[in-house]
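Accompanying notes for the structure given below.
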């Protein structure tokens, strides 16, 4: 009893929701054995006959090829294609293929030579001694793909399964009407199919191997049972006929009771499924060493005189196969590649046979009925009841029609297997599968565009990050390469900072002078003497380096004297307006006096060392002397009228007096050394004398009209008087040194006499004013 229950549980099957029972129409083609078809004159081999990218071409136009020779290289998920016969490559160009869009794809066109010569074949009869990776690579390089309709590369599928596969399922259901390719293959080649199953089991090492076959194939079932009579590792499961029990998810649930998760794969639950035709192709690739160059194709339909199953070479035009089967087309003949529910209508008959071509259906006008007009959905829910994937086709229809991609995705449109059960039961004749296919294509295009945008954004962000890193590295290099100050520069900087700190410390100590006491100026005097010594040393260095040819310009000296007078006036005015509360710093006064004395000595020494190369113009000297005398008279008058209330700073007066004395000595020395070599033009002298008289008259008039309220600075007057005396002495010396050959101009003498008279009058007037 326990063994009976165990056997019952072992052979138990489950049923899925939905499904339909359309007319099978399989008896038209499953009664005749497989047969060969004569070779076509031309073969068109598309480079992409599988899910994934097309391979890389390894032939060119004009090449001679043999049957089984690779036309492309298979790398990664790229599956190679092989020459179906021997011949010559005449073209490599786009050609329409078996696709609902009828778009052209790159194809290799071969003209057959009729010899059908194979490449050297190397079979692995001892495949059990081969490593798993070697077998998978051989299957992949021999171009084996899923022949049940998906076209997924078998080698990639086996590689992805790895060691987690517990159940290997062989799909022999072949549930769609009209199609009998797998049925006939199992009847005629059952032993080869089982051998291919054993190779797959050797690669995957599953715990159990299940063959699922519908009960409408009695001959195939009997042939498989005969082959599996002595095998205990492979179980044959006969399931009820129901469409679409051949779907991967549906058959997995029927045989194991496990459901593939949404968005997942069967390998996630430890299940891997392969088709009967794929198992046969694996056997031929591994044991016989033959790449996939042909497959079984069902030729059926009332428009075909000799329906049946044939071995069709890949790349054979559909027209060639139909004509060989006695095709009798009508006026509006339709040819479907695949079954009536999941197949596609061919745009023309030059489309080639590919790896996923399992049936060519040529129905008559009465066989499928007249096409019905599409009507509005009445929401009868018949499509939802028939859906084997538990979807809501009516809702997906509305979302697809309204371009509501997000809602269609939310309602799991990706789980639709496009079986056509919903369209079969729809009373409104709505081609639901067409809407779903279009919606899936649009969603795939949107996701592809989003992926490109994300990749572009990632590249942009990576570029920005790289630029930022390069910028930071560049700045770091610049910082590290910056020139550091030398040791001597650091010492100089440190010394300067020390001096500044010392001065700041001295400035922060207030100087307090008590009444009746004299401050202790010993430190100040010592510092002053040190500075004086330093200044003398610097002056000696400068004198040694200066060129002996340096000439002192008396005009520059006069300008400097004028600038000194202006500064003196400004300081006196500021001191006069200053508040009496301001204290006088004795240290600063001493420093200024020392600086003035040093400048005076410097000027005297420069005057002594200057060479007398510069020539002095006696005419200019005469004019300057006259101007100086006029300014002296003006200053004397201003001093007489000056108010006695203005205070005088003795320090500044001493400084200015010292500077004036030095400048006067310099002028006297220059005048003494000047050579009167330049001849005097009597006309220029007359002009200058006239100008001097005019200036003298203007000065007398200004003095007469001057207001007595104007205050005169006695210090400035003293300085200017000293300068005037120096200039007068200079003029006298120049006149004394003049050569006797120079003629005396009577006009010049007259001018001088006039100037003397004016000066005498002015002196008398000033004397009277002073006495008053």
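Each residue, glycine too, has its Cβ placed from N, Cα and C.
Under the heading domain '4Fe-4S ferredoxin-type 1', Swiss-Prot lists 369-397, citing sequence analysis as support. Under 8 Å from some Cβ of the domain '4Fe-4S ferredoxin-type 1' (369-397) lie the Cβ atoms of residues 16-20, 244, 247, 249-250, 408, 411-413, 415-417, 419, 421-432, 435-436, 439, all in the same chain and six or more residues away from its ends.
Positions annotated as [4Fe-4S] cluster 1 binding site by Swiss-Prot, on the basis of sequence analysis: 377, 380, 383, 426. DSSP assigns residue 380 ([4Fe-4S] cluster 1 binding site) to coil in the three-state reduction, placing it in neither a helix nor a strand.
Among the features that Swiss-Prot reports, [4Fe-4S] cluster 2 binding site is placed at 387, 416, 419, 422, with the record citing sequence analysis. Applying an 8 A CB threshold to same-chain residues 6+ apart, the list for residue 416 ([4Fe-4S] cluster 2 binding site) reads 389, 391, 396, 436, 440.
The domain '4Fe-4S ferredoxin-type 2' annotation in Swiss-Prot covers 407-436. Broken down with DSSP, the domain '4Fe-4S ferredoxin-type 2' (407-436) shows 17 helix, 0 strand, 13 coil.
The region 'Disordered' annotation in Swiss-Prot covers 599-748.
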Other residues, Cβ within 8 Å of 387, 416, 419, 422 Cβ centroid ([4Fe-4S] cluster 2 site): 18, 383, 386, 388, 389, 391, 393, 417, 418, 420, 421, 432, 433, 436
Between residue 422 ([4Fe-4S] cluster 2 binding site) and residue 380 ([4Fe-4S] cluster 1 binding site): CA-CA distance (Å): 12
Residues flanking the [4Fe-4S] cluster 1 site, with Cβ no more than 8 Å from the Cβ centroid of 377, 380, 383, 426 and excluding those residues themselves: 378, 379, 381, 382, 393, 394, 397, 422, 425, 427, 428, 430, 432
Residue, out of the binding-site residues 383, 387, 422, whose Cβ gathers the largest set of other Cβ atoms within 10 Å: 422
Residue 377 ([4Fe-4S] cluster 1 binding site) and residue 387 ([4Fe-4S] cluster 2 binding site), Cα-Cα, nearest whole angstrom: 16
Rounded distance in angstrom between the Cα atoms of residue 383 ([4Fe-4S] cluster 1 binding site) and residue 422 ([4Fe-4S] cluster 2 binding site): 4
